[in-house]
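Below is one structure, written out as structure tokens; the observations come after it.
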Amino acid sequence: MGLCQSEEEKKQTKNSKMIDKSIREIAEGEDKQIKLLLLGAGECGKSTLMKQMRILHSDGFTEEELLQQRSVVYSNTVHAMAELLRGMNLYKIGFTEPKRMEDARLVMETIRNEEESE
């Protein structure tokens, strides 16, 4: 079979077989791909889950993404500290070391400055 084909037909047949092979490989790759639909209310952790999956199973974050996330982590940490300080004030819980009052003042000042700049 194929003995009577011209050179052009042989090239086309070879090209067709390569395309068919490529399509089969793509289909096999897609069969291995898992798709996941995450549903949930806002702020329930969908993005966090995706970021964790990316860190564990991919190349992680680019340098630019790391710099962006640094400010988010810093802001979240300072806000959490401020909430703890507000709770301490509400329930009249004092510091065991008086010099921590200055640290608390700096945290609250940082929050005020951030709110003023928004």
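For all residues, glycine too, the Cβ spot is worked out from N, Cα and C.
Copied over from TrEMBL, here are the features:
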BINDING   Glu43, Cys44, Gly45, Lys46, Ser47, Thr48  GTP binding site
BINDING   Ser47  Mg(2+) binding site
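In the three-state DSSP scheme, Cys44 (GTP binding site) falls into the coil class. Packing around Lys46 (GTP binding site) is summarised by its Cβ count: 13 other Cβ atoms lie within 10 angstroms of its Cβ, all protein chains included.
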